[in-house]
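Undergrad: Pasting a structure below so you can have a look.
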Amino acid sequence: MVAVAPHSAVRRRRRKARESDTPTVGRSRAGTIAANAAGMLFALVMFFPIYWVVNTAFKPAPEILQFDPTFYPHGFTLDNFSSAFHAPFFQQDLINGVLITVGAVLGALVVGFLAALAIARFRFYGRKAIILVVLSVQMVPLVAVLIPLFLMLQDFRLTNSLLGVTLVYIVLILPYTVWTLRGFVQGVPRELDEAAEIDGASRFQVFWRIILPLTGPGLVATSVYGFIQAWNEFIIINTLNEQANQNLMAWLMQNQTSKGTFWGPLMAGSILTALPVVVFFLIVQRNIATGLTAGAVKG
Amino acid sequence: MSVVDFPSAPPAPVPPAASPAGTAAARKRRRTTGGKAPYVLVLPCLALLAALLGYPLVRMAVLSFQQLGLRQLFGDLPPENVGFDNYARIFTEPAFYQVVGRTVAFTVVSVGLTVLIGLGVALLMRRVAPSVRIMMIVAMMFVWAMPQLVATQTFRWLVDSDFGVLNWLIDRIPGVDFANHSWFADPVQGWIVITSIVVWAGIPFIAITLNAGLTQVPRELLEAAVIDGASSWQALRRVTMPILKPLMVIVTTLSVIWNFGLFTQVWVVRNGRPEEEYQVLATWAYSLAFKNNDYGLGSAIAIVTVLLMLGAMVFYMRQMFRIGDVD
């Protein structure tokens with residue numbers, strides 16, 4: 001960790017240089033103040049809906065159904081969370097969601113990593129065609145093929161089962177997984193492979209000892225992104241499965257009863273459902289942007 | 001880097017490799033060796049895609065020429081071939097053209113707004129103080145991370161006719177009565193709400209991606225432009241935008257693909273029973289298939305949707321291919 005201090009010093013100097021050197025055209029003091037104000041207003045407007053969910057979730061029922069809204073919970077309560085948590089099917093659908101998501105991510109990771117290895121490390125006949133397939137299926141919305149998917153899974157008695165949805169979710173996240181992992185495998189210098197091979201390592205050993213450990217962080221980032229996608233899905237699972245076999249998103253969707261919407265528990269349920277997504281997202285957000293647009297700027 | 005060797009001054013020609021044996025050929029040979037290995041590696045991936053995406057696509061195409069309803073589904077009747085009947089039904093249905101028009105109009109408006117605001121925000125981010133920039137990024141990260149479904153439920157709560165904070169806020173304006181105002185009675189207002197959800201949720205991806213792209217614009221170039229007497233508008237148009245263009249193409253195409261397939265927001269906002277004025281292609285196909293149990297007709301609409309979408313994909317594929325080719 002010797003490098004830390006000089007590195008941050010360089011960064012500080014660079015930042016200073018960036019600020020002092022920016023072109024001065026149209027950069028009046030008033031302009032800067034206006035820009036800062038606009039930036040703050042933008043942040044406020046963007047964040048407000050999220051704040052309002054949190055605000056509602058902690059209010060007692062009478063305060064929610066009050067014609068003059070309160071801008072912070074006057075009677076702070078956790079009741080909404082407990083009633084969401086104990087609502088019918090919540091815990092069941094929570095467990096289902098975790099099982100399906102973990103299964104889909106692991107499946108996509110194994111299958112996708114193998115394909116990524118082939119694309120990144122071998123030049124073979126049909127390689128371009130496979131890249132084309134992977135890229136184009138990324139754009140077929142699964143909702144569009146939901147009808148035949150439903151009929152097909154029904155033939156195999158896989159509707160209203162966790163396995164059927166898991167398989168569909170693997171395909172949902174597979175194209176992204178292959179494409180991103182390909183980039184990470186390519187990041188491992190080929191010279192390392194060759195050196196190992198010269199030292200007598202088998203191809204499998206090269207994979208196991210060199211490529212796999214070095215792509216570890218990439219695998220984590222990719223799997224988190226897959227987790228987010230699979231966790232967020234609700235149309236497919238809502239169509240294929242009945243309530244006992246759904247996930248939390250589908251549970252949220254059906255939370256409106258004939259007596260109207262119970263906003264407090266719904267908002268609390270939304271927070272509980274979105275929390276893993278938000279946390280994971282914040283961890284890997286850098287990789288998400290890079291993954292989606294890899295090479296677009298510098299390429 | 002000096003100002004002169006940019007933009008895209010042709011790179012200094014690489015001197016041919018000293019040895020005639022050519023490292024390029026050697027590298028190629030090294031890469032080719034693999035025999036059956038690469039095929040074995042991609043096999044599971046291709047098999048899964050073929051089974052769960054390829055086959056359903058084919059079956060959807062077949063279905064679109066069939067009559068398949070509850071009787072066929074549960075009565076053990078074979079699906080009936082009806083030729084182009086489903087397509088004929090769609091194309092003679094006035095509602096179809098309204099749905100297509102609505103879907104296209106929504107896509108154009110929502111993508112236009114998202115990209116323009118996103119670009120504006122990205123430029124603003126380069127102008128504000130670092131602390132304000134962090135505030136903007138944090139707010140956008142939370143918005144970005146919100147699942148679509150949660151975001152839509154959130155907006156439903158904001159615009160709720162009785163207890164929504166939006167009505168209350170507008171009602172504060174003197175002379176305006178917005179108490180108990182229903183935002184979905186009038187489809188124009190309803191669509192404003194739906195568009196707001198989509199644009200609000202779409203801005204972070206575009207703004208943050210474009211902001212990352214903006215950091216790649218060399219400052220030397222901008223300075224040179226300014227010294228040469230360019231206004232900031234000219235510098236933006238002539239220097240920044242050309243460099244940003246590939247990214248703009250990608251984010252715009254992605255937004256078109258996402259927004260053209262609009263489903264969740266409409267579905268949730270209308271409680272899973274969208275009225276005619278709220279139907280778009282995806283919800284319409286879904287309603288016909290799963291609510292009316294007319295799977296053939298639903299498939300025909302889905303096919304039309306996919307074909308329409310292909311137009312937008314062409315650009316995206318070209319861009320992605322250019323990236324893939326850099327390997």
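Easy rule for this one: first residue shown is 1, then count along the chain.
Even glycines carry a Cβ here, placed using N, Cα and C.
Positions annotated as region 'Disordered' by TrEMBL: A:1-27. If you look up TrEMBL, you'll see A:33-54, A:94-117, A:129-151, A:163-185, A:206-228, A:262-284 marked as transmembrane segment. Under the heading domain 'ABC transmembrane type-1', TrEMBL lists A:94-284.
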Undergrad: For the transmembrane segment (A:206-228), name the stretch out of A:33-54, A:94-117, A:262-284 with the most CB-CB pairs under 8 Å.
TA: A:94-117
Undergrad: Which listed stretch (A:33-54, A:94-117, A:163-185) has the most C-beta pairs under 8 A with the transmembrane segment (A:262-284)?
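TA: Selected stretch: A:33-54, with the most Cβ pairs under 8 Å.
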Undergrad: Same chain only, please: residues at least 6 beyond the ends of the transmembrane segment (A:163-185) with a C-beta under 8 Å from a C-beta of the stretch. Say none if there are none.
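TA: Apart from its flanks, the transmembrane segment (A:163-185) reaches 99-101, 103-105, 107-109, 111-113, 115-117, 119-121, 134-135, 137-138, 142, 149, 153, 156, 211, 215, 217-219, 221-222, 225-226, 229-230, 233, 236-237, 240-241, 245, 287, 291, 294.
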